[in-house]
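**Student:** Below is the structure I would like to discuss, written out as structure tokens.
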Amino acid sequence: MDFYRLLLRPLLLSQLNVDPEWLTRNALGFLATLARSRSPLAANLRSYLRQTYGFQDPRLAMSLWGLTFATPVGLAAGFDKDGIAAPLWSDLGFGFAELGTVTALAQPGNPRPRLFRIPQDLAAFNRMGFNNASAEALADTLRGYFPEGQRSIPIGINLGKSKLTPLSGAVSDYVSSFRSLRSLGDYFVVNVSSPNTPGLRSLQAVTELEPILAALQAENTEQRPLLLKIAPDLVDEEVVAIAHLAQRQQLAGIIATNTTIDKSLLSVEHLPGRREPLATEAGGISGAPLRSRSTEVIRLLHRTTQGQLPIIGVGGIFSAEDAWQKIVAGASLVQVYTGWVYEGPLLVKTIQQGLLERLDSAGLPNLAAAVGSAAIDS
């Protein structure tokens, strides 16, 4: 029985004045408590989660950057910013989890309300503003959870710029966070694409971005995979320029994409509980409205790099078909967040089962053979 869809999803989609951030915080708090507990009850609950949501098949396994991803579906950054539930994500069937975004300085984020669900569009609208306890705090949390460095699934760490740090200090800010965490993550992501930190997206310009990437690579003595997360609102020429920069700086890959600021993708004129016109609201849109453009960006990146630069696809994944379209466009791995909130924790398992069906239908031996298979012809 899917208790999430029976009990929690109706609450999420109801017209009751329930703050989505409150729901998220409490759900995450429960998972964190479960992760910390050593009680027999907690052990039994975690075993139940693994039995209910776990699913693996060797045909879905991917090997990238010296890491093994038993399943290709990961948790996107933004849900577990401070890593407080880090050990739990494998129990829920994820093949990897991306923590953060974290910044060098602890910061509260933007004023509330700052997270909105828009059920009629299967979307979310957020202006969180990188609220987090700091890179050092995340480092302490990860040392506590994984004292021997052994993690059941690959853990990614998403790095952002502190709001109080001027753009001129962005290089040192990113480097500071990386120094705190570089031995504690399996891969790292440079986030210059959130719309919720003033001026951050300007760092996507090649002239601004190259010094940041070069400085991080100079610090990357342990040769951790370093990826870049980009916005869907870049024009194609900008995407191509960034792809070439990523190759020049020997990045491990690109995550496509972050949230969009294109409010024309929504059918509503106001955010829930707000009177201000949507056009005046600051923030980014995730969920189904992002699906098409994120897949277009993935396809463009794959073509531009001739499949030589791995891509993690994210944006509007609510089903196995959504994930499949991103994979055949060029994504080696995919991430979910908004779709996972709407569809519930069984989504990860459902996606994996559906991917196997599509491999069988296409006559392909494994998921690696599907990556980019439709990028050239479409």
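Indices start at 1 and increase along the chain as displayed.
Note: Cβ is positioned from N, Cα and C throughout, glycine not excepted.
Here the structure is a predicted model, which means the values were calculated and not measured.
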**Student:** Need one residue: from Asn26, Asn44, Asn191, the one Swiss-Prot lists with Ala77, Gly78, Phe79, Asp80, Lys81, Thr101, Asn158, Lys229, Thr257, Gly287, Gly316, Tyr337, Thr338 for FMN.
**Tutor:** Asn191
**Student:** Tell me, in order along the sequence, which binding-site residues from Ala77, Phe79, Lys81, Asn158, Asn258, Gly287 have their CA within 10 Å of Ser194 (active site, nucleophile).
**Tutor:** Asn258
**Student:** So which one is it: of the binding-site residues Arg127, Lys229, which has the fewest other Cβ atoms within 10 Å?
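**Tutor:** The binding-site residues Arg127, Lys229 were compared, and Arg127 has the fewest Cβ atoms within 10 Å.
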**Student:** Going by C-alpha positions, which of the binding-site residues (Phe79, Lys229, Tyr337) is nearest Gly129 (substrate binding site)?
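**Tutor:** The answer is Phe79.
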**Student:** How many other Cβ atoms are found within 10 Å of the Cβ atom of Gly129 (substrate binding site), counting all protein chains shown?
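**Tutor:** The Cβ of Gly129 (substrate binding site) has 21 Cβ neighbours within 10 Å.
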